[in-house]
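Student: Below you will find the structure I want to go over with you.
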Amino acid sequence: MTTAPMPDFPAGFRWGVSTSAYQIEGATTVDGRGPSIWDTFAREPGRIVDGSTGDEACDHHHRYAEDTALLAGLGVSAYRFSISWPRIQPTGAGPALTAGLDFYDRLVDGLLAAGVDPVATLFHWDLPQALEDAGGWLNRDTAARFAEYADVTAARLGDRVKLWITLNEPFIHMSLGHGMGVHAPGRVLLFDAFPVAHHQLLGHGLAVAALRARTASPVAIANNYSPVRPAGDSDVDRAAAAYDALHNRLFTDPLLGLGYPDAPGVDPTVVRDGDLDVIAAPIEVLGVNYYNPTGIRAPEEGSPLPFEIVPLDGYPRTAFDWPVAPDGLRELLLQLRDRYGDALPEIQVTESGCAYDDAPDAQGRVDDPERIAYLDGHVRAVHEAIGAGVPVTGYFVWSLLDNWEWAEGFTKRFGLVHVDYPTQRRTPKSSYAWFRDLVRR
Ligand code: PNW
C-alpha cells in the first residue's frame, strides 16, 4: 500500500457497498417465499464446501435495521442489494406477493431516511425453482418471466430506487452455474450453455423496457470482467482471444449494439430476428465487477477447451487464492473505453473486494490490513482510469458483511464488517473505519 495521500475524486462520485439476497437474508421460508435454485443446490451433498446453506446466512431479513445503521455509520452514499425473485413471485410467475415487496419497501425507506441511495439488483442468481423445473435460463420463456418480475417489482419500488441493475454477472451464472456445474443449478453443459447467455441478455433487454414504463431512474447491468494475461508462447494469442471473447465480450458486445463476438459456443440458431435490438436497448450505466485478471495459455492437444486457465505468478493472493492485481482494474477500464469508445455508457464499479481469514483478537477487534491495502490499490486504479478519460462515476466494495459465499459456504469472508455466525454479532473491521474515512473526505 502506498502512503501517498489518496487523490481527490470528482464531486458526486458514488461510494457504496454491495450485498446479495441469498448471501445475507436467511429467512428463506417466511412470508410465502418460494424455493430458489440455491436452496435446492445447497442441499445436494458435496456441493458446498462446509455443507452449509443460506437458510440463515446473516439473518439480514430480521436485522436489516441494524445493517442499515452500519451503512449510515459508514457514510456511504449508496447501498447495492438484490431482490429475491422467489420472495416476490414464489413460482416465478403470477401476481406479486405483497409481503415479499413489503420487506424491500421497509429496507428502501430505511436507506433513504439514512441518506443512502438504494441500488437494487433484480437477479443475483436465485432463480425460482419452479422456473428451473421448466428449463430455467435454457428456456426462452424465462426471459419473458424476468421482464414480468421487473415490472411488478418496479411498480412498487420504482419511485425510490435510485439505480436499477437487471442482472448480476450473467457470465458467472452461465459458466459456473451451467457450464461447469460448481454453482446452482449445477448443469455441466460446457459451451452448450450458450442459450443461458442469450436468454439472460434477452431478459435484460425486455426488463429494461419494463423498467422504463415504471421508473425514471437510470438502468444498468452488472457484468464480471477479467483482463486476460497470456502465459506461455505457442498459440497463446489464439487462446487468449478466445477466453477474452467469452469472459469480457460475450455479455457486452451485444449490449452495446455490436452483436455477438466470435466466442466459443455462440450458436446463431438460438438468436431470433429482433433479439439483438431488444438486447441493445440503451442503458445509462455499465456495472463492472472486478476481482482479478486471468492467466491463459494454449490448451493441451485434444483438450475440449480452446484455452487453459493457469495461475498467475508474482502477485500476492487472497484467502480465495485469487491474485491481488489492482493494475488489472485500470487495464480493464481502459480496455472498455478503447474497445467501445462513444458507445460505452458511464461506468460504476459495482463490486470490488477480497476474502481474508479475519477473526476477532483478544480485545474483540478485527484488524484486516490486507483488505485495506487491497481496496487502497483498487481505488487508486479507478482514479488513474478517470484521469485517463474513462467515465467512472462510482465504486462499491464487495461486501458490507461477511456472508454466505456460494459454493464456499461460510469459509470466505469478504466483509467490511465481521459476522460471528453463531451469534450473528456484527463487528466492524479496521477496513470499515478506513473506508468510512475515505468516503468522508
Ligand atoms: C461475485 N469466479 O461472484 C458475485 O457477484 C458475488 O455474489 C460474490 O460473493 C463475489 O463475486 C465474490 O466471489 C463471483 O470464480 C464468483 O471468477 C466467482 C467468480 C467471480 C465472481
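Cβ coordinates are placed from backbone N, Cα and C, and glycine is handled just like the others.
Note that the structure is predicted; figures quoted are calculated from it, not measured.
Pasting the feature list from TrEMBL:
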ACT_SITE  Glu169  active site, proton donor
ACT_SITE  Glu351  active site, nucleophile
BINDING   Gln23, His124, Asn168, Tyr291, Trp398, Glu405, Trp406  substrate binding site
Student: Note the Cβ centroid of Gln23, His124, Asn168, Tyr291, Trp398, Glu405, Trp406, the recorded substrate site, then list each other residue of that chain whose Cβ lies within 8 Å of it, in sequence.
Tutor: Ser20, Glu169, Glu351, Ser399, Asn403, Phe414
Student: Just checking the binding-site residues His124, Glu405, Trp406: which sit within 10 A of Glu169 (active site, proton donor), CA to CA?
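Tutor: Near Glu169 (active site, proton donor), where near means Cα within 10 Å, the binding-site residues are His124.
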Student: Roughly how many Å separate the Cα of Trp406 (substrate binding site) from that of Glu351 (active site, nucleophile), to the nearest whole number?
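Tutor: Taking the Cα atoms only, Trp406 (substrate binding site) lies 16 Å from Glu351 (active site, nucleophile).
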Student: Fewest other C-beta atoms within 10 angstroms of its own C-beta: which of the recorded positions Glu169, Glu351, Glu405 fits that?
Tutor: Glu405
Student: Looking only at Cβ atoms, how many others are within 10 Å of the one on Asn168 (substrate binding site)?
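Tutor: Around the Cβ of Asn168 (substrate binding site), 24 other Cβ atoms lie within 10 Å.
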Student: If you run the three-state DSSP split on Glu169 (active site, proton donor), which class comes out?
Tutor: coil
Student: Just to verify a number: CA distance, Tyr291 (substrate binding site) to the residue listed as 'active site, nucleophile', in angstrom, no decimals.
Tutor: 8
Student: Please classify the secondary structure at Gln23 (substrate binding site) using three-state DSSP.
Tutor: helix
Student: Report the same-chain neighbours of Gln23 (substrate binding site): residues 6+ apart in sequence with Cβ closer than 8 Å to its Cβ, ordered by sequence.
Tutor: Gly54, Ala57, Cys58, His124, Ser399, Asn403, Trp404, Glu405, Trp406
Student: What whole-number Å value do you get for the CA-CA distance of the residue listed as 'active site, nucleophile' and Asn168 (substrate binding site)?
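Tutor: Per the Cα atoms, the residue listed as 'active site, nucleophile' and Asn168 (substrate binding site) stand 10 Å apart.
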